[in-house]
Amino acid sequence: MDLRITEIFYSLQGEARSVGRPTVFVRLTGCPQRCSWCDTPYSFQGGEKQSLDSILATVASYGARHVCITGGEPLAQPNVHPLMRQLCDLGYEVSIETGGSLDIGEVDPRVTVVMDLKAPDSGEVHNNRLENLALLKPTDQIKCVLASRRDYDWARLQLDQHRLVERVADVLFSPVWDQLPPAQLAEWILADRLPVRFQLQLHKVLWDDARGR
Ligand code: SF4
């Protein structure tokens with residue numbers, strides 16, 4: 001049983017609730033989406049086929065408790081499910097970062113889902129799979145990456161229309177690096193008293209988005 005892998009590396013979790021925790025990242029190759037601001041286009045193609053056993057051995061070599069399955073779009077490879085099941089069985093705390101266009105129904109319930117809702121400036125808003133919202137657990141998270149005031153207004157509307165805050169542990173609003181000044185987004189959130197969590201991507205602050213960090 002194989003998966004196509006772009007990279008496996010050890011770093012600090014850069015976002016979401018577990019931000020700052022030492023984590024092993026397993027980046028799967030391939031994505032059906034093309035977000036205008038995507039910061040991992042190198043994961044669209046290439047990669048290397050690896051067996052589940054080999055992936056598990058690499059993960060174990062770092063001695064970390066947290067494992068983040070990311071991409072690309074990790075749900076595009078069906079074998080991601082046995083990988084996540086085995087990681088959970090081995091006692092890891094596992095999260096998956098998904099772009100939100102594919103079905104999350106098969107994800108092991110022990111896994112924390114961090115699901116994007118793509119805003120208009122991403123160019124992928126039409127691919128949001130809204131059926132996924134009903135499948136999210138109270139421990140999951142929804143992430144909105146915002147590039148403009150238009151994106152922010154759209155995200156605010158989604159909060160109301162889909163009662164996002166009631167569904168998950170956190171709704172994360174994050175500015176697109178180099179497009180929306182972080183302080184501007186922070187001001188909007190405070191002015192509107194939004195019950196969301198503002199976040200900056202820690203790995204970009206620390207390492208300027210260097211690959212494998
Ligand atoms: S879903 Fe993620 S990996 Fe795919 S294009 Fe968008 S940002 Fe990039």
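Cβ from N, Cα, C; glycine included.
TrEMBL has this to say about the protein:
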BINDING   LEU12, GLN13, GLY14, ARG27, THR70  substrate binding site
DOMAIN    18-209  domain 'Radical SAM core'
BINDING   CYS31, CYS35, CYS38  [4Fe-4S] cluster binding site
BINDING   TRP37, CYS38, ASP39, GLY72  S-adenosyl-L-methionine binding site
BINDING   THR40  Mg(2+) binding site
When you average the Cβ positions of CYS31, CYS35, CYS38 for the [4Fe-4S] cluster site, which other residues in that chain have a Cβ within 8 Å of that mean position?
-> GLN33, ARG34, THR40, PRO41, PHE44, GLU73, GLY99, SER122, GLU124
Helix, strand or coil at ARG27 (substrate binding site) [DSSP, three-state] = strand
Please check each of the binding-site residues GLN13, CYS31, CYS35, CYS38, THR40 and report the ones with a CB atom less than 6 Å from an atom of ligand 1, ordered along the sequence.
-> CYS31, CYS35, CYS38, THR40
Top Cα neighbour of ARG27 (substrate binding site) in the set of binding-site residues CYS35, TRP37, CYS38, ASP39, THR40 = THR40
Cα distance (Å, whole number) from THR70 (substrate binding site) to CYS31 ([4Fe-4S] cluster binding site) = 11
Apart from the site residues TRP37, CYS38, ASP39, GLY72, the 8 Å Cβ neighbourhood of the S-adenosyl-L-methionine centroid comprises CYS35, THR40, PRO41, SER43
Just counting, how many other CB atoms are there within 10 A of the CB of GLY14 (substrate binding site)?
-> 22
DSSP-derived structure type at LEU12 (substrate binding site), helix or strand or else coil = strand
Excluding LEU12, GLN13, GLY14, ARG27, THR70, which residues of the same chain place their Cβ within 8 Å of the centroid of the Cβ atoms of the recorded substrate site?
-> SER11, GLU15, THR23, PHE25, CYS68, GLU97, HIS203
Across every protein chain in view, the count of C-beta atoms other than its own within 10 A of the C-beta of THR40 (Mg(2+) binding site) is 16
